[in-house]
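Just below is one structure, and these are the notes that go with it.
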Amino acid sequence: MSDNEMDTQGAGVRRTVWRSVAALVGMFAFAFALVPLYDVFCRVTGINGKVDTNAQALVHDNMDESRMVTVQFITRNGSGLPWRLDVETRQVRIHPGQTSEVNFTFNNQSGAESWGRAVPSVSPSTATRHVRKASCFCFEEQRLEAGERLELPLVFQLDRDLPPEINTVTLVYTLYPVDGKQAPLQAAAKTIEGDEA
Amino acid sequence: MAPKVPPQPTLEQSSTAAEAGHGHAHEAPPKGLMRWLLTTNHKEIGSLYLIFSLVMFFIGGIFALVVRLELFQPGLQFVNPEFFNQMTTMHGLIMVFAAVMPAFTGLANWMIPLQIGAPDMALPRLNNFSFWLLPVAFGLLLSTLFMPGGGPNFGWTFYAPLSTTYAPPSTTFFILALHIAGISSILGAINIVATILNMRAPGMRMMDMPLFVWTWLITGFLLIAVMPVLAGVVTMMLMDINFGTSFFNAAGGGDPVLFQHLFWFFGHPEVYIMILPAFGIVSAIIPAFARKRLFGYASMVYATAAIALLSFMVWGHHMFAVGMPLVGQLFFMYATMLIAVPTGVKVFNWIATLFQGSISFEPPMLFALAFVVLFTIGGFSGLMLAIAPADFQYHDTYFVVAHFHYVLVPGAIFAIMAGVYFWLPKWTGHYPHERLSQWHFWLSVIGVNLTFFPMHFSGLAGMPRRIPDYALQFADFNMVSSLGAFLFGFSQLLFVAVVILCVRGGKKAPAAAWGDYADDLEWSVPSPAPLHTFETPPNYQRPAH
Ligand code: HEM
Ligand SMILES: [Cu+2]
C-alpha cells in the first residue's frame, strides 16, 4: 500500500474514533439528562403518582352532586425515621368539586429532635392531576422536638373533570428523614429537583 | 516469526512513529507470558478473548449448577437463600458480560480483519488494552464473593433500591467492575467500527461485506450508543450509595422506577448486542453447508439495521408490570411486536437458503440449524411476553427465564459454538474431531431442551423466578430442568476436548476448508492462518452470483 493510501486510511480511522468519542460523551450526558426530563415528564403527565407540591387555588363553582368518590388515606414510614404519622379518618366520601379538610398527626417518638418530610403519592396515577391541594404538610419539611405531637391539616378538592371511571382515589404519605441528620444508611435527602418542581 | 514490520496504517503508529523510531512490538517478539501480555496481533488477541470467554463460561456455568442443584428438589438443601441470590446474580452477570460479549469480540478480532482483507485491527495497541481490562474487571467482580456481606445479590438487572439502599457493602466494587468491563467493550467496539469503515480491501464496498462484518458493525454502533448509558446508571448508583445523592431514592425526591427505565434503555439493545453477531455467523454457515448462495443478502442487512433501530424503542416491555399508562403499554407492546417482522425476515431467508440446497451436517451446520429452530422458539415466547395484558401473568416467572435462555443459550451460545467449529480449521489447520463434535452437539441440544423447555410450563403455572425454594407442584418440572442442566454443563467438557484436540492435530484442512460456498476472504489465506495476513491488501473479487 502506498504511503498516500496509508495516510488517508489513518485519517479515516482518526475521524471514526473522534466521532465515536463524541457519541459516547453525548450518550453519557443523555443518561444524566434523562433524570430531570423524566421528572418533568412525570409531573406534566401526572404519571407515577408524582404530585405537584405547590399550593393550588381551590375552585368554588358548583360541585358535582351526581357523583360520590371515595378518598382513602394511607400513611407509611419509609426509612426508619422514629416518627408516627396518623390520620383522623382512613377515608372520606366526597363529591368532585367539594372542599374537604382532614387532619394528620405527626408524632416524634424518639428522644431527640429531628426533621422529616411526608412525600405524597396518588393512586391511580391518572387521578394525580385532578387532586388540588390548597394546603398540605407535604409541601414542606417538618421539625419535631423530642416527643412532640403536631397536628396539620390537608385541605383539598377533586376536580370536577375527574375521569368518570375513577371511583376511589388513594393518597399515600410516606415519611422520610431529612438532611441526613437522622438518616440511616444513605437515605440522605438532598432534593435533586429543588423547590421549583 | 519474520522480524519484518508489517505496514500498519494505524493511528497509533502514525502518532508515535517519531519517538519509537522504526516499528515496535513486532520487532523482537517477547517470549512466554510477555508475548501474550503485550501482543497487538489481532489473531492472538482474538484467541485471548475466546479463551477468557470459555473460562468465564465455565465459572458462570458452575454458578448456574449451584442454582440448579438447590432447585433439584423443593426445600432448602445445599445453600442458604443469601448465597443462592449471589449465585443467580453472578451467573447472569458473568454469562452476559464475561462469556457471551467477549466471545463475540474475540471472533470479531480473529475474523473481521481476515474477512475484509485488512492486516490487523485499526488500533492494535488499544485492542490489547481492551482485552486486558477484562480479567481485571471480572477478577474484581468475582472477588466480591469473598468480601464481608458477600457479592452482588440483587439480580443481574441490579434494580435500585435493592442495589443501593439494601445492597451489600461490596457493591462499590461491583460498580467499578462494571465500569471497567464497559470501557473494555466500548474500546473494542470503537476499534471494530474503525476497522470495518476504514480498512476494507480496495474494491470491497459496504454491500460486499460478509454478514458477520455487517452485523458486528451494527452491534458496534449499538455498543457505542448504550454502554455509556449503563456507565451513567452505575455512576448514579455509586453517587446514591457513597455521596448522598438521591437519583433512585424517593426520600430525596428521586425515583426507583427511573432506574428501571435507564437500565432497560441500555438492557434491551444489550440483548441485541448479544444476538446480532450470532445472526452474522449463522448467515455464513448455512450457505456453506447448503451449497447455495445466501438468500436475500441485502434484506439481511436492512433487517439487522431495522432490529437495531427498533431496539431503542421497546425497553418498556420489561416494565409492563411496574406501572405504566395505557398508551405506554400499547406503544411498547406494538413496537416490540414490530421487531418480530425483521427477525422473521431473517428466519425466512435462512430457510429459503436451505430450500433445495444439497445439505450436509458437519458440526458447524448442526449448531447453526439448531440455532434457527431453537432461537425461533425463543422469539415466539418473546412475542407472548410482549402482549402487555398477558405479561402480567408471565412477568417475573420462569416463563421469562425460559424465553431468554432459549434466545441466549441455543441462540447466542450455539452460534458462537457454530462459529468456533466453522473457523477452527482456519485457526488451527485441522478439522475438529467429527465423532466428538457430534456427541457434543447432540448432548448439548438434549441438555438445553431438557433444562429450559419445562421452565415454560412451571412459569405458566406461576413459579416465580429468583427463588431458592418453591411450591411442591413445581417439583417434577424442576427436577427435569436440573438433570438437563447437569447434562448440558458436563457436555461442554467435550467442547473443550474438541478444541484442544483440534489445536494438537487432526485431519488437515486446506485453505478453503468448507468448499465452494464458504468463499469469503478468510478462506483465501492458508490454514492455519499465518500470524500476519493481508500485509498487502488482496485484490477483492466480487463473487459471481
Ligand atoms: C422477537 C423477539 C423478542 C421479543 C418479542 C422479546 C420480548 C421480551 C419481553 C416482552 C420480555 C420481558 C418479559 C418480562 O420480564 O415479563 C423479554 C425479556 C427478556 N428477553 Fe426478550 N424478546 C425477544 C428477543 C430476545 C433476544 C434476541 C434476546 C437476547 C439474545 C432476549 C433476551 C431477553 C432477556 C435477557 C430478557 C429478561 C431480562 C430479565 O428480566 O432478566 N430477548 N423479552
Ligand atoms: Cu427487551
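Backbone N, Cα and C define each Cβ position, glycine as well.
TrEMBL has this to say about the protein:
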REGION    B:1-27  region 'Disordered'
DOMAIN    B:36-541  domain 'Cytochrome oxidase subunit I profile'
TRANSMEM  B:48-69  transmembrane segment
TRANSMEM  B:89-110  transmembrane segment
TRANSMEM  B:131-151  transmembrane segment
TRANSMEM  B:171-199  transmembrane segment
TRANSMEM  B:211-239  transmembrane segment
TRANSMEM  B:271-290  transmembrane segment
TRANSMEM  B:297-318  transmembrane segment
TRANSMEM  B:330-354  transmembrane segment
TRANSMEM  B:366-388  transmembrane segment
TRANSMEM  B:400-424  transmembrane segment
TRANSMEM  B:436-457  transmembrane segment
TRANSMEM  B:477-503  transmembrane segment
What residues in the same chain, six or more past the boundaries of the transmembrane segment (B:131-151), come closer than 8 Å to it by Cβ-Cβ distance? 37, 45, 48-49, 52, 56, 59, 82-83, 86, 89-90, 93-94, 97-98, 102, 168-170, 173-174, 176-178, 180-181, 183-184, 187
Of the listed stretches B:211-239, B:330-354, B:366-388, B:436-457, which one has the most C-beta pairs under 8 A with the transmembrane segment (B:477-503)? B:436-457
Within the same chain, the residues 6 or more beyond the ends of the transmembrane segment (B:297-318) and with Cβ under 8 Å of it are 207, 211, 214-215, 218-219, 221-222, 225, 260-261, 264-265, 267-269, 271-272, 276, 279, 283, 324, 328-329, 331-333, 335-336, 338-339, 341-343, 345-346, 349, 385-386, 388, 391
Residues of the same chain, at least six outside the transmembrane segment (B:89-110), with any C-beta under 8 angstroms of its C-beta? 42-43, 45-50, 52-54, 56-57, 59-60, 63-64, 67, 121, 127, 130, 134, 137-138, 141-142, 145, 151-158, 178, 181, 185, 188, 192, 212, 216, 219, 270, 273-274, 277-278, 281, 408, 412-413, 416, 419-420, 423, 427
Quick tally over B:48-69, B:211-239, B:271-290, B:366-388, B:400-424 of CB pairs under 8 Å to the transmembrane segment (B:171-199) gives the top stretch as B:211-239
Should anything in the same chain at least six residues away from the transmembrane segment (B:436-457) have a Cβ under 8 Å from its Cβ atoms, list it; otherwise answer none. 68, 363, 366-367, 370, 374, 381, 398-399, 401-402, 405-406, 409-410, 414, 417, 421, 477-478, 480-485, 487-489, 491-492, 494-495, 497-498, 501
Let me check one thing: do the transmembrane segment (B:400-424) and the transmembrane segment (B:211-239) come into contact, meaning three or more Cβ pairs under 8 Å with sequence separation of at least 6? no
